[in-house]
Amino acid sequence: MENFKHLPEPFRIRVIEPVKRTTRAYREEAIIKSGMNPFLLDREDVFIDLLTDSGTGAVTQSMQAAMMRGDEAYSGSRSYYALAESVKNIFGYQYTIPTHQGRGAEQIYIPVLIKKREQEKGLDRSKMVAFSNYFFDTTQGHSQINGCTVRNVYIKEAFDTGVRYDFKGNFDLEGLERGIEEVGPNNVPYIVATITSNSAGGQPVSLANLKAMYSIAKKYDIPVVMDSARFAENAYFIKQREAEYKDWTIEQITRETYKYADMLAMSAKKDAMVPMGGLLCMKDDSFFDVYTECRTLCVVQEGFPTYGGLEGGAMERLAVGLYDGMNLDWLAYRIAQVQYLVDGLEEIGVVCQQAGGHAAFVDAGKLLPHIPADQFPAQALACELYKVAGIRAVEIGSFLLGRDPKTGKQLPCPAELLRLTIPRATYTQTHMDFIIEAFKHVKENAANIKGLTFTYEPKVLRHFTAKLKEV
């Protein structure tokens, strides 16, 4: 198998879901009704759904079987302890709080860390800034609604689609330390390391970079939270690209990675492969006070701390999914599938970010240079792709980034990207070929695609529910 051109799907398909075909006229009407926002389309009207890989893929037979062990006790569930044991074995973290998904963890830990910094270091809430290699949208949103400014400190190669670089997700370490000094260390409530960096194109962060970032954080006594949605994909890239770790297992690399954070927050709907679930975990006793405070908030916002909004069967499934998501053959196939799609798009002249872990990212700014950033070229491209082929994708650019909450001005975005997110074990190579062919048709009509403007704009996380029209 090692010498074959393409790696086949390393699984057998046992259950299928029929999908509906639609006409171009039907799709044009549907996208207009949705306010030119693919998030608001009905799933029944989508032929290939590349909106997200979050909870949209298949599960393994071992995960499905694990659900039968679910203990639905309100408190002290046996299934909770199975999940907590998986966390200890994989990440080395001693304290676990389950949540319904990643944002459930964020709404708990962010206010707790801000309060802790205020009480212990005299944080000035009017001056507080949190740093990341690049904040995920909901992490940014929860920070902002708690009054915290966010600052992304990424390397210059990160968003240059013409550059190939092994670890485009890396922190700009000089920029990080300079930023901390600028705002004052006591006004930095937390640093978030996002692995992989979703907004940069699913790009990995090297272990060397994480070590250096953590050293800076410890110098200023700032807590580090690992945003862990795609921890296994990041470990795979480290194995492939960081020579020191080429002979390490994914499990060993993962354990090493989590030495360089104090907490982890996870949407388990990605690399842990579950339809619903999240985690908030603390490494050791030095964050026991944070754990205690977060448990209290969990009761109010998610559920009792030993279920956190999840049924017992879902916790059992997650306990297994954390392991299944680290399977080396599975990861090799998944990364190869993304690479295949990127290669196919570039062969027809569609510029992409270098292949990352979970999606192909099309450079919409280059495909639609006539549409300015404030008319959202990647969102316009998403609408055209749906009209042409019934494919739903998602904008990662100015539309998602939003406005400065203090000034109301559009935040400058480093790139206008369209994310083609591949759900796990759901679509085959034939689907990838269809997507590539769809882009041939889109490219032929690119000059006629129009920009977009708002008819309704929410103040926070606008990309989920905003409505637009063509300019």
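The backbone N, Cα and C atoms fix where each Cβ goes, glycine too.
Some features that Swiss-Prot has for this protein:
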| type | residues | note |
| --- | --- | --- |
| MOD_RES | Lys5 | N6-acetyllysine |
| MOD_RES | Lys115 | N6-acetyllysine |
| MOD_RES | Lys156 | N6-acetyllysine |
| MOD_RES | Lys270 | N6-(pyridoxal phosphate)lysine |
| MOD_RES | Lys450 | N6-acetyllysine |
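Structural mapping of features recorded in Swiss-Prot.
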{"residue": "Lys5", "record": "N6-acetyllysine", "Cβ contacts under 8 Å, 6 or more apart": "none"}
{"residue": "Lys115", "record": "N6-acetyllysine", "Cβ contacts under 8 Å, 6 or more apart": "Glu293"}
{"residue": "Lys156", "record": "N6-acetyllysine", "Cβ contacts under 8 Å, 6 or more apart": "Asp172"}
{"residue": "Lys270", "record": "N6-(pyridoxal phosphate)lysine", "Cβ contacts under 8 Å, 6 or more apart": "Asp53, Ser54, Ala229, Arg230, His358"}
{"residue": "Lys450", "record": "N6-acetyllysine", "Cβ contacts under 8 Å, 6 or more apart": "Ile371, Ala380, Glu470, Val471"}
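The DSSP secondary structure for Lys115 (N6-acetyllysine) is helix.
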